[in-house]
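Annotated features, as they stand in Swiss-Prot:
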type: TRANSMEM; residues: 18-38; note: transmembrane segment
type: TRANSMEM; residues: 74-94; note: transmembrane segment
type: TRANSMEM; residues: 107-127; note: transmembrane segment
type: TRANSMEM; residues: 142-162; note: transmembrane segment
type: TRANSMEM; residues: 173-193; note: transmembrane segment
type: TRANSMEM; residues: 195-215; note: transmembrane segment
Amino acid sequence: MTMTITVSIFGQFFPETLLFIPMNLFSIVFALSWIAFIYPTNWAPSRFQSIWASFRANVLEMIFQNTSPNTAPWAGLITTVFIVILSANVLGLFPYAFTATSHISLTYSLGFPIWMAVNILGFYLAFNSRLSHLVPQGTPSALIPLMVWIETLSLFAQPIALGLRLAANLTAGHLLIFLLSTAIWLLSSSLMVSSIPIFVIFVLLFILEIGVACIEAYVFTALVHFYLQQNV
(Lines of atoms letter the chains of each structure in order from A and count residues from 1; the text may use other names and numbers.)
(Lines give C-alpha, C1' and ligand atoms only; values in the text may rest on other atoms or scores of the structure.)
Protein backbone atom coordinates (compact mmCIF):
# COMPACT_ATOMS: atom_id res chain seq x y z
CA MET A 1 0.00 0.00 0.00
CA THR A 2 1.49 3.31 -1.08
CA MET A 3 0.68 6.49 0.77
CA THR A 4 0.87 9.76 -1.14
CA ILE A 5 1.53 13.00 0.69
CA THR A 6 0.74 16.23 -1.11
CA VAL A 7 2.85 19.15 0.02
CA SER A 8 2.37 22.66 -1.29
CA ILE A 9 5.53 24.56 -2.07
CA PHE A 10 4.00 27.73 -0.62
CA GLY A 11 2.45 25.95 2.36
CA GLN A 12 5.41 26.91 4.55
CA PHE A 13 4.37 30.55 4.35
CA PHE A 14 1.00 29.90 5.95
CA PRO A 15 0.93 30.29 9.75
CA GLU A 16 0.89 27.11 11.80
CA THR A 17 -0.48 26.62 15.31
CA LEU A 18 1.38 25.27 18.35
CA LEU A 19 -0.79 24.39 21.36
CA PHE A 20 -3.58 26.50 19.85
CA ILE A 21 -1.18 29.48 19.62
CA PRO A 22 -0.73 30.94 16.10
CA MET A 23 2.94 30.82 15.12
CA ASN A 24 2.67 34.16 13.32
CA LEU A 25 1.63 35.79 16.59
CA PHE A 26 4.44 33.98 18.42
CA SER A 27 7.13 35.14 15.98
CA ILE A 28 6.02 38.79 16.09
CA VAL A 29 5.72 38.81 19.90
CA PHE A 30 9.14 37.17 20.18
CA ALA A 31 10.71 39.79 17.91
CA LEU A 32 9.18 42.61 19.97
CA SER A 33 9.92 41.08 23.38
CA TRP A 34 13.51 40.52 22.26
CA ILE A 35 13.94 44.30 22.31
CA ALA A 36 12.94 44.53 25.97
CA PHE A 37 15.34 41.71 26.86
CA ILE A 38 18.47 43.00 25.17
CA TYR A 39 18.28 46.52 26.56
CA PRO A 40 19.73 46.65 30.09
CA THR A 41 17.36 47.71 32.85
CA ASN A 42 19.74 47.27 35.77
CA TRP A 43 22.85 49.10 36.89
CA ALA A 44 25.16 46.19 36.09
CA PRO A 45 24.36 44.74 32.64
CA SER A 46 24.97 41.06 32.01
CA ARG A 47 27.68 39.69 29.76
CA PHE A 48 25.19 39.12 26.96
CA GLN A 49 23.90 42.68 27.24
CA SER A 50 27.47 43.99 27.10
CA ILE A 51 28.09 41.99 23.92
CA TRP A 52 24.83 43.30 22.50
CA ALA A 53 25.79 46.89 23.34
CA SER A 54 29.02 46.46 21.38
CA PHE A 55 27.14 44.89 18.45
CA ARG A 56 24.55 47.68 18.48
CA ALA A 57 27.28 50.33 18.47
CA ASN A 58 28.92 48.72 15.43
CA VAL A 59 25.59 48.52 13.58
CA LEU A 60 24.81 52.15 14.32
CA GLU A 61 28.27 53.13 13.15
CA MET A 62 27.75 51.31 9.84
CA ILE A 63 24.29 52.80 9.25
CA PHE A 64 24.97 56.35 10.44
CA GLN A 65 28.47 56.82 9.06
CA ASN A 66 29.03 60.08 7.15
CA THR A 67 25.64 61.43 8.15
CA SER A 68 24.34 64.73 9.44
CA PRO A 69 23.58 65.36 13.13
CA ASN A 70 19.92 65.94 12.22
CA THR A 71 19.37 62.20 11.84
CA ALA A 72 20.60 61.41 15.37
CA PRO A 73 17.11 61.57 16.97
CA TRP A 74 16.01 58.81 14.60
CA ALA A 75 18.72 56.38 15.74
CA GLY A 76 16.48 54.67 18.29
CA LEU A 77 13.68 54.05 15.78
CA ILE A 78 16.00 52.75 13.08
CA THR A 79 17.79 50.48 15.55
CA THR A 80 14.47 49.07 16.75
CA VAL A 81 13.34 48.39 13.18
CA PHE A 82 16.65 46.63 12.52
CA ILE A 83 16.25 44.42 15.60
CA VAL A 84 12.66 43.48 14.77
CA ILE A 85 13.46 42.58 11.15
CA LEU A 86 16.63 40.69 12.09
CA SER A 87 14.81 38.72 14.80
CA ALA A 88 11.93 37.83 12.47
CA ASN A 89 14.33 36.82 9.68
CA VAL A 90 16.45 34.56 11.88
CA LEU A 91 13.44 33.08 13.67
CA GLY A 92 11.94 32.12 10.31
CA LEU A 93 14.90 29.83 9.62
CA PHE A 94 13.91 27.48 12.45
CA PRO A 95 11.82 24.42 11.51
CA TYR A 96 8.06 25.01 11.56
CA ALA A 97 8.60 28.67 12.38
CA PHE A 98 6.59 31.37 10.67
CA THR A 99 8.58 33.89 8.61
CA ALA A 100 6.63 37.08 9.19
CA THR A 101 8.94 39.21 7.05
CA SER A 102 8.25 37.07 3.96
CA HIS A 103 4.77 38.63 3.81
CA ILE A 104 4.43 42.03 2.18
CA SER A 105 1.66 42.91 4.64
CA LEU A 106 4.28 43.16 7.38
CA THR A 107 7.10 44.66 5.31
CA TYR A 108 4.80 47.36 3.92
CA SER A 109 3.45 48.00 7.42
CA LEU A 110 7.02 48.71 8.52
CA GLY A 111 8.26 50.57 5.46
CA PHE A 112 5.33 52.71 4.35
CA PRO A 113 4.64 54.60 7.63
CA ILE A 114 8.33 55.41 8.07
CA TRP A 115 8.63 56.56 4.44
CA MET A 116 5.50 58.66 4.79
CA ALA A 117 6.65 60.27 8.05
CA VAL A 118 10.10 61.03 6.65
CA ASN A 119 8.72 62.67 3.49
CA ILE A 120 6.10 64.69 5.37
CA LEU A 121 8.86 65.94 7.65
CA GLY A 122 11.03 66.78 4.64
CA PHE A 123 8.30 68.82 2.94
CA TYR A 124 7.50 70.52 6.25
CA LEU A 125 11.11 71.55 6.93
CA ALA A 126 12.12 72.53 3.38
CA PHE A 127 9.16 72.60 1.02
CA ASN A 128 10.88 74.48 -1.82
CA SER A 129 14.00 72.35 -1.59
CA ARG A 130 11.98 69.13 -1.80
CA LEU A 131 10.07 70.42 -4.82
CA SER A 132 13.33 71.33 -6.53
CA HIS A 133 14.40 67.67 -6.35
CA LEU A 134 11.60 66.82 -8.77
CA VAL A 135 13.51 68.64 -11.52
CA PRO A 136 17.19 67.59 -11.78
CA GLN A 137 19.66 70.37 -12.40
CA GLY A 138 20.34 71.03 -16.08
CA THR A 139 17.04 69.56 -17.33
CA PRO A 140 15.90 71.17 -20.63
CA SER A 141 12.73 73.23 -20.35
CA ALA A 142 10.86 70.94 -22.74
CA LEU A 143 11.52 67.92 -20.51
CA ILE A 144 10.58 69.52 -17.18
CA PRO A 145 6.92 68.27 -17.15
CA LEU A 146 8.08 64.75 -18.02
CA MET A 147 10.83 64.77 -15.39
CA VAL A 148 8.37 65.90 -12.71
CA TRP A 149 6.19 62.88 -13.46
CA ILE A 150 9.18 60.52 -13.52
CA GLU A 151 10.61 61.82 -10.24
CA THR A 152 7.17 61.71 -8.60
CA LEU A 153 6.67 58.10 -9.66
CA SER A 154 10.15 57.17 -8.42
CA LEU A 155 9.36 58.84 -5.10
CA PHE A 156 6.18 56.80 -4.62
CA ALA A 157 7.99 53.66 -5.77
CA GLN A 158 10.39 53.86 -2.82
CA PRO A 159 8.09 52.26 -0.19
CA ILE A 160 6.99 49.60 -2.71
CA ALA A 161 10.58 48.61 -3.44
CA LEU A 162 11.47 48.83 0.25
CA GLY A 163 8.87 46.29 1.33
CA LEU A 164 8.94 44.10 -1.78
CA ARG A 165 12.73 43.61 -1.72
CA LEU A 166 12.71 42.20 1.80
CA ALA A 167 9.73 39.88 1.24
CA ALA A 168 10.90 38.65 -2.18
CA ASN A 169 14.45 37.79 -1.12
CA LEU A 170 13.31 35.88 1.96
CA THR A 171 10.61 34.05 0.00
CA ALA A 172 13.10 33.00 -2.69
CA GLY A 173 15.56 31.71 -0.11
CA HIS A 174 12.94 29.70 1.76
CA LEU A 175 11.67 28.17 -1.48
CA LEU A 176 15.19 26.99 -2.37
CA ILE A 177 15.60 25.47 1.09
CA PHE A 178 12.24 23.73 0.73
CA LEU A 179 13.10 22.29 -2.69
CA LEU A 180 16.52 21.01 -1.61
CA SER A 181 15.22 19.51 1.64
CA THR A 182 12.44 17.76 -0.31
CA ALA A 183 15.00 16.37 -2.75
CA ILE A 184 17.14 15.09 0.13
CA TRP A 185 14.13 13.43 1.75
CA LEU A 186 13.07 11.70 -1.48
CA LEU A 187 16.57 10.53 -2.42
CA SER A 188 17.45 9.31 1.08
CA SER A 189 14.51 6.92 1.01
CA SER A 190 15.80 5.24 -2.16
CA LEU A 191 19.54 5.88 -2.45
CA MET A 192 21.38 7.43 0.47
CA VAL A 193 24.66 8.08 -1.38
CA SER A 194 23.03 10.26 -4.03
CA SER A 195 21.56 12.56 -1.38
CA ILE A 196 24.95 13.45 0.15
CA PRO A 197 25.98 16.08 -2.48
CA ILE A 198 22.55 17.70 -2.24
CA PHE A 199 22.85 17.72 1.55
CA VAL A 200 26.19 19.54 1.29
CA ILE A 201 24.60 22.12 -1.02
CA PHE A 202 21.70 22.41 1.42
CA VAL A 203 24.04 23.17 4.33
CA LEU A 204 25.88 25.81 2.30
CA LEU A 205 22.58 27.34 1.20
CA PHE A 206 21.33 27.43 4.78
CA ILE A 207 24.49 29.26 5.86
CA LEU A 208 23.93 31.67 2.97
CA GLU A 209 20.33 32.23 4.13
CA ILE A 210 21.58 33.17 7.60
CA GLY A 211 23.75 35.80 5.95
CA VAL A 212 20.84 36.96 3.78
CA ALA A 213 18.66 37.31 6.88
CA CYS A 214 21.23 39.64 8.43
CA ILE A 215 22.01 41.52 5.22
CA GLU A 216 18.34 42.15 4.38
CA ALA A 217 17.76 43.64 7.83
CA TYR A 218 20.74 45.93 7.29
CA VAL A 219 19.67 46.88 3.74
CA PHE A 220 16.15 47.76 4.92
CA THR A 221 17.41 50.03 7.70
CA ALA A 222 20.14 51.51 5.48
CA LEU A 223 17.53 52.50 2.88
CA VAL A 224 15.32 54.00 5.59
CA HIS A 225 18.32 56.02 6.75
CA PHE A 226 19.03 57.07 3.16
CA TYR A 227 15.47 58.34 2.73
CA LEU A 228 15.78 60.11 6.07
CA GLN A 229 19.03 61.76 5.05
CA GLN A 230 17.38 63.09 1.87
CA ASN A 231 14.65 64.84 3.84
CA VAL A 232 16.24 65.98 7.10
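Glycine residues also receive a Cβ, built from the backbone N, Cα and C atoms like all the rest.
Since we're looking at a predicted model, the values are computed, not measured.
Pairs of Cβ atoms less than 8 Å apart link the transmembrane segment (74-94) most often to 195-215, out of 107-127, 142-162, 195-215. With a threshold of 8 Å between CB atoms, the same-chain residues lying at least 6 positions outside the transmembrane segment (142-162) that come near it are 107-108, 111-112, 115-116, 119, 133-136, 220, 223-224, 227.
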